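Q: This is the structure I have questions about; it appears just below.
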Amino acid sequence: MCCSSRRWERRGAGPGCAGVVGLVLVAYCVVSYIYRHILKTVLLGQMLSLFICGTAVTSQYLAEQYQVNTPMLQSFINYVLLLLVYTTILAFRTGDDSLLKILKQRWWKYLFLGLADVEANYTIVKAYQYTTLTSVQLLDCFGIPVLMALSWFILRARYRLIHFIAVAVCLLGVGTMVGADILAGRQDSEGSDVVIGDVLVLLGASLYAISNVSEEYIVKNLSRVEFLGMVGLFGTIISGLQLAIVEHRDIMRIQWNWKIALLFAAFALCMFGLYIFMPVVIKVTSATSVNLGILTADLYSLFFGLFLFYYKFSGLYILSFVIIMVGFILYCSTPTQTAEPTAMPQPHSTGLDNAGLKLEENDNQMPPFAAALNHEAAAAVIRQV
């Protein structure tokens, strides 16, 4: 019996009180442990939103100030950076995770993934030429239910009622943001062909969902370096070919100067940062929670637009940000379950896809203070019996 338990007995409290106090302290440590990880998840999601905001602001500045509309060229630069860094790492590896081995075993899968990723980026940007900002913002949310459906069937994710409520809250926040845009007069263009634009948005959202689910599977079952290296390889090839076909004339018309070059570099760095950090965030959360978290990217872009493009401010922007964050935190507050496969589960599979909120069953991954108190409380209960 520990010294603290003896003191309790001398005071007449008995060993039972020590067990109760120990259990209360264990519960406090566990709850604190969970909410630290929720905070970590929220902060990581907003970091990704800021990267997306950087790509949006630099692209819009290029388009409005210098009449440069080359989304494929901008994506191509990002894929080349991934190729130079991560595909090179794979090229120097040996064994089963070497570049040649990966290409031999599953090249066609990464070809499909690279195609989905490249065309998702291209179709969303292209849609702005045909439809309105409202349509893009609303229809882009179509990717979230598609992502949840793909996660259900491919990743065996099992959602609870609170997750569907959280998604509904986030979509309500998006609706509030769109209403703020309308009231602020940002819907100046009706679009040249709304139907084509809307179809492009739905297609791009679906392709993003396919890309994100594939990314989650790869980073949780294979490796982040393999995902980035193969996306860099096939993304460079596909975007390079498409660039030569659809944008070569636009590139020839660019009047290059140091400001345009700086904007291209800023876009490339933001996109590169998004690609290298998103697998890290997805690995500790899930693709669905990441997509909910980055719904705030449009709001960050709007806040920057107040100073760069002289947008009108509306209090509904703040309200929409708060609503989206409430929905995101609500989603992260409860881990989604993973259905057990019929075959023997992989050693790294723990039955929860929101790893940032997992409570491991072994004491090695519990906070040391909580683990010690857990043993002490258990011993006190046994002594009572």
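Just so it is clear, glycine is given a Cβ too, placed from its N, Cα and C backbone atoms.
Predicted automatically and left uncurated, TrEMBL annotations should be read as such.
Features from TrEMBL:
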- 12-35: transmembrane segment (TRANSMEM)
- 42-63: transmembrane segment (TRANSMEM)
- 75-95: transmembrane segment (TRANSMEM)
- 136-155: transmembrane segment (TRANSMEM)
- 162-183: transmembrane segment (TRANSMEM)
- 195-213: transmembrane segment (TRANSMEM)
- 225-246: transmembrane segment (TRANSMEM)
- 258-278: transmembrane segment (TRANSMEM)
- 290-310: transmembrane segment (TRANSMEM)
- 316-334: transmembrane segment (TRANSMEM)
Q: Mind checking which residues reach the transmembrane segment (136-155)? Cβ under 8 Å, same chain, six or more beyond either end.
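A: Apart from its flanks, the transmembrane segment (136-155) reaches 124, 127-128, 167, 170-171, 174-175, 177-178, 181, 197-198, 201-202, 204-206, 208-210, 212-213, 216-217, 286-288, 291-292, 295, 298, 338, 353.
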Q: Ranking 42-63, 75-95, 195-213, 225-246 by Cβ pairs under 8 Å to the transmembrane segment (290-310), which is first?
A: 42-63
Q: With CB pairs under 8 Å as the measure, which of the listed stretches 42-63, 75-95, 162-183, 195-213, 225-246 comes out on top against the transmembrane segment (316-334)?
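A: Looking only at 42-63, 75-95, 162-183, 195-213, 225-246, the most contacts with the transmembrane segment (316-334) come from 162-183.
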Q: Using a Cβ-Cβ cut-off of under 8 Å, list the residues of the same chain that are 6+ residues beyond the ends of the transmembrane segment (225-246) and lie near it.
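A: Residues 72-73, 75-76, 78-90, 97, 99, 102, 110-111, 113-115, 117-118, 122, 215, 218-219, 275-276, 279.
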Q: Same-chain Cβ contacts of the transmembrane segment (75-95) under 8 Å, 6 or more residues past its ends?
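A: For the transmembrane segment (75-95), the list is 101-102, 118, 121-122, 225-226, 228-233, 235-236, 239-240, 243, 264, 267-268, 271-272, 275-276.
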